[in-house]
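Student: Just passing along the structure, written as structure tokens.
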């Protein structure tokens, strides 16, 4: 892939996002529709009440359009790319439904947990159907254990992976700019892996998302003009999991996406500790809120988490 071909999907995702994001923000402000901040969060988040949300819709559309036209141009419109786009769109639609109920229907809890889970599992099932139809390998290389070649085990794993990481990224999306920056690092890492494997189709997918996220971050850094919403975070988590599966580097996500894992673990530990011992381990969970409650600025948390993610990704790329 030549330099111009490398820059094209990146710039396409970026330009489309930068052009249409201000229009989307303007529309939501005109309609006076924005995020309702829950009382359970840090008190100073109340000033963010009414901030436009669902910005993920714009960078998802940018990624889909860019991926398809660039893939056609480079003759890389493969089924791997289609199923990656399918997960991005379906999980984005789930998040959009959740956001729509919260923002336009004024029901702050959104979709019920079982509805969201059912949609995520359905998406995973369709992903698997196409995956197996194409004859892709269902051998799963588990570190320190070995290879398991069972279609049933692989299917269960894929469902858990897609559902787990879409929700993990969603949990991490709690302060301005955090997930956008983390996702840029994660997708960049998998794009490098895709180039190493000569998987140009998957690399195109990653590059268009990175471009869209860079464009989005212009409007999402503190003080955020717009949030990505569940439409963005659920889609990004599902897309990351899909890339790791398509590149047969599934467990790499535990290191490359270690921040998401820690965010999720902090919530689980907090809930378990409170239920069992009536004590809280953290001042607030997910853990980025713990640092907020400890006096860290959002910008300091962003930079610290981004740098940590870069280090984790660099370690993986250097070792593996």
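Glycine too: its Cβ is placed from the backbone N, Cα and C atoms.
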Student: In Swiss-Prot, which of 32-52, 200-220 is labelled transmembrane segment?
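Tutor: That would be 200-220, per the transmembrane segment entry in Swiss-Prot.
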Student: Is it true that the transmembrane segment (175-195) and the transmembrane segment (145-165) have 3 or more CB pairs under 8 Å, sequence gap of 6 or more?
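Tutor: Per Cβ check, the transmembrane segment (175-195) does not touch the transmembrane segment (145-165).
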Student: Ranking 54-74, 81-101, 200-220, 226-246, 251-271 by the number of C-beta pairs under 8 Å to the transmembrane segment (145-165), which range is first?
Tutor: 226-246
Student: Give the nonlocal contacts of the transmembrane segment (117-137) in its own chain as ranges (CB under 8 Å, at least six residues past its ends).
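Tutor: Non-local partners: 79-80, 82-83, 86-87, 90-91, 93-94, 151, 155, 158-159, 162-163, 166-167, 234, 238, 242, 245-246, 248.
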Student: Mind checking which residues of the chain, 6+ beyond the ends of the transmembrane segment (6-26), have their Cβ under 8 Å from one of its Cβ atoms?
Tutor: 52, 54-55, 57-59, 61-63, 65-67, 69-70, 73, 204, 207-216, 218-219, 225-226
